[in-house]
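Among the features that TrEMBL reports, compositional bias 'Basic and acidic residues' is placed at 1-13. The annotation region 'Disordered' is assigned in TrEMBL to 1-39. Positions annotated as compositional bias 'Acidic residues' by TrEMBL: 17-33. Annotation source TrEMBL lists domain 'Ig-like' at 37-144, 235-330, 416-488, 518-612, 818-906, 1028-1116. As annotated by TrEMBL, domain 'Fibronectin type-III' applies to 621-717, 719-818, 915-1010.
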């Protein structure tokens, strides 16, 4: 296959070649057959990078990447990506093939990606990433697809197409089709034209629609009118008809049809026939006769009215055809692409224009049927396609079709990723020690294999492999030098590997015969912008290898400012080897910028070198994206540049918009837009939109900005109506108005009020913020002046035309006597409980604004006792938590100059009373006892309304109420039991309720016995313990899939047994599909909408400390086919 090459000034297709399968045996410096030598610079982990190439449509192409693993501790992992996120590894198959080889001599991994039979959708940007523990590297390349040779398109609009196949709005516009070289189309002999009108003229009316469809005529109404004009040329005379029926009538479903004829004889009788059957008058079919005109009216036409009609007068007839057109059902909410993992639930949702419309679901062009895998659901205008458990077989293009359109969406299903809970760690051991490699993965059922340097490890006496739960171990006893190497664990069924290195520790003693001063050999070529300056893109890896010489081996010290860098692990680290010191930054960040210094020392001397590292990145996202104005179908957008430009100048911006609630973004510009002000056009009025902006610099495109607040393209409202003056004072004027007649979808955000001196031209805005109410008082006006006022409505589109008061309003002082309008509930005593809040609103009137004062018991009200708020029309007295000291007479005084009005309010704050005192049993006779007590010391600031008396037997100590609402401080308690001793307690009561505490009697009442003695027999409690036993077993059932069902049984036992439900001998846990109920020993298992998977054996098991018991049944789930459903409906 051809290898990728750099595109030259002229695009040429890569020549086809055979795939090289012997790459492992080629020397390192010898190029691969069919591949041109690559002059690209080798940096990072890549020895050879894939290059951009031009592919011929329908041919194969191969890309090669080589990775040096000599410095890596474990096997690198390669990923091929398209665009930013699409992982091509999951797309492997007939179209994409991947190959991996390893050269043990050079320790170079070779990765190949082959695209079989290139198509237009393969064009675009690609990226390959290689990772190994904490090291990573990446590179990008592009693929351009050229067609072999195509015939020139007759319609130039067909050359404008979008990349991808997600829909007409998805992808970017591809204009490459206009630049392709095309041959001129050869003229083909044309067929003789057919006169369609002659065919229609001689055909029957029932064949009109078939002929129109055959010859591409879409305007049936225009076709019928032309046929009518053609037939008028040769009119036929009739003795019975002056005017016959039209040749055909076309009407929309649900509309009224009127067919009329005119007769020569006004008294003639007519018959109306439909498909040869006489029509009888009814509410649907109406007959009208006006002179010689006869009409047939069909109300609310349906599809059954699409038929042939006749009007019969004597022996003469006239015919017509009625066509009823069903309005097309359009799709109002399109399908969205869905990306899930295996086993997840998939729901495709679509919304159509008509309720109860029929839709057809298709997958890859094949209609789907309702079975156990696919479920269809509809609710009003919404339709759903549901896949309960997605699998790889469900990948494809799904389409929903109506008679008025269709919508497509892609379903992508990926395998579940295996999560690594604990990776393998590198080991360094000495001879005869034990080495244990250990890893832990998320799935305990996963098995795997161990490899050493690419060769599978075979267990033996020294080597043991174990798998316990989620933990996998490789144990090597009595480690020997030949055990050193790279060990890899590969889980079965997953594209994942965990690697670690086993280092064998040996002690060596080197003798240094001489000393040389240290020397730093710094390479100033390659990515250096200027001397000792390095530029690295943020997120990429920087590895700086510095060669060092000197004897004995010098000590290397890296510093950034005063901070010494000595860590051998982590993101920023220093790696040392013989005669080489490597400074590594994994995933460069902005904070890594600065001046770095390397110092090498040994006993013979010292050497230094300075390096300046500069990190560049994509810019931050633009900020504060906002809409500054809207029009009927436009919107003006403004945003702030990003705070950080990524170290490179901002080239411009890319804008996207979407409808509110939608997930599909539409690009507004394909060329970089340099300004921060943009006017979006071609939007729908009354629809909310949202917008976001990307910043672009020389490195790439930033993340999207925060979505702007929703805005709506809409025109301003009409002017407010009925603007009038409501009130005038010495320096204010109150205005009232009604909302505009035409508001529109944008609504009204508020109103702006302006005033102007009569005869002047300068309008002054009275309010800074638009007011929402339909009234406003303009303040700060001059006494004696005449003013003009106007009010404008404001919404997101701007101000409406103003409503004006054209006659001047004179500002003058008006005096009105003060008057307090005391509410009815405050004219009597106002009672509140302790702790409640008091909020009294007392309106008053008077002009100019009266002076308000509050008094309590004749003295000015203390502000610490209550809060007072006064306005122009009322005064509010507020007490947050009332206490008894707030009780008293409150007086409100309002006065204007020498005029005054007062109102008095009596407030009483009450609480529960205290307990009665001195409760005494004064006399006992027979079965009666007399009680007396004194009223409580604290009556709760109100009258005592009664007492509640309770008695208690000294043995049982249970209290029973004897009297409630007893008004006197004494009572007689009767019906006491002989031989018992009684004590009494009494609660006092007022309007707040009973007292919290009770007054207890000081003495007791003893009812003397008459000599009887009762000796009860001892009570023996029965033992109710028993082991569980099912008294009603489970019964086998056969149910229909998709309908809720339940199975039940009954059990008894004491203590109450624990119930366990099992399906196929597996315990049913907290599965939301199953609902387990236990009602007085009746056990029920509810199964929500069972599927074929829910069939099987169900067991109910009851267990307590005395034993256990179980019952079982079998549940069969049946799927009703479409034919059976139709027969059931019939």
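Numbers run from 1 along the shown chain.
Note: Cβ is positioned from N, Cα and C throughout, glycine not excepted.
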Answer yes if the domain 'Ig-like' (518-612) and the domain 'Ig-like' (235-330) have at least three CB pairs under 8 Å among residue pairs 6 or more apart in sequence, and no otherwise. no
Across the domain 'Fibronectin type-III' (719-818), what are the DSSP residue counts per state (helix, strand, coil)? 0 helix, 52 strand, 48 coil
Average pLDDT across the domain 'Fibronectin type-III' (915-1010)? 90
Secondary structure of the domain 'Fibronectin type-III' (915-1010) by DSSP, residue by residue, totals 0 helix, 52 strand, 44 coil
Would you list the DSSP helix, strand and coil counts for the residues of the domain 'Ig-like' (416-488)? 3 helix, 36 strand, 34 coil
Helix, strand, coil: count each for the residues of the domain 'Ig-like' (1028-1116), based on DSSP. 3 helix, 58 strand, 28 coil
